[in-house]
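If you check TrEMBL, you get these features:
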BINDING   His119, His121, His188  Fe cation binding site
Amino acid sequence: MALSKIDTIDTEMAHIDQEKYLRQATQYYCALEKPLKYGPAVDTLPDLVKALHREFESNYVNIEMVNHLMLAYKSNPKEWRKYAKFDRYTYTRNLVDAGNGKFNLLILCWGEGHSSSVHDHADSHCFMKMLKGELREKRYRYPNRPDNDRVQQQEQHGEIDDRSLVEMGETPIPLNDVAYINDNLGLHRVENPSHADTSVSLHLYCPPFDTCSIFQENCKKTTAKVTFWSKYGVRTKLDEQ
C-alpha cells in the first residue's frame, strides 16, 4: 500500500527530527572510555550492525549506547576481511552498512605511512575503532568556531591567532580502542605511523554526510566530496562513488 501524503510528511519529519537531535548532541557529548557496565554484549560484526540498527530506530538516539556498542565489539579479521580493500597510494573508505540513511558504518584501510588531511565532520558524530594495527590522531582547534564558549573567551583576551592551525594534542589509537570526535571538539588528522605494517579501522558516522571541510596549515578551508572506494566488499565504479 502506498503511503498517503500525510504519512510521507510524517516520515520526512521523523528523519529531520532525528538528524537535528543528533547534531545538537555534538554540543555536549565527549565519549566513553570503557563499555557500559550493564550494556549489551556484541559478539560479532553482524551483531554490531543489528544492534546499531535497533538504536537508530528511535528519533532520540542514545549516543552513549552507540559508543558502548562500538567499544564492546572485539575485532575479528574473519568477519571484516571481505570489506578491507587497500590502495597502494592512499587510504580507502569502504562502506559496510548504510544504516538506512541514519548512520553509516565504514572500514578504512591505511597502507604504510598513509594519512588523512586535517578535516572536520560536518557537525556529525565520528566513532573510530581500531581493527588492526595502530593509528595516531592529531587534533586541532576548529578555527573561528562561533559556538565554542571557551574559544570566544580566548579570542576576547587576544589569545588565539587564526592565521594558522592550533594543535591540541596527539593520541595513539591501539587495537580495539575507540576514538571519538565531533566539530565541537575540534578537527583532526589521522595517520598510520608504521612504515612496515598496514592498519584497519571501523568508523561510524551519524548523521552520514556527503561532504566535509579540509583545512590547510594557514586555516584555508576547502570543501571535499566524501566517496567510497568499495561498497559491501565490491569495488565501486567512478560514477558510483
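Every residue gets a Cβ built from N, Cα and C, even glycine.
Curation plays no part in TrEMBL annotations; they are all automatic predictions.
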Please compare the binding-site residues His121, His188 by how many other CB atoms fall within 10 Å of each one's CB, and tell me which has the fewest.
His121
Here the 10 Å Cβ neighbour count for His119 (Fe cation binding site) comes out at 19
In the same chain, which residues outside the set His119, His121, His188 have their CB within 8 A of the centroid of the CB atoms that define the Fe cation site?
Ser116, Val118, Asp120, Cys126, Ile181, Asp183, Leu187, Arg189, Cys212
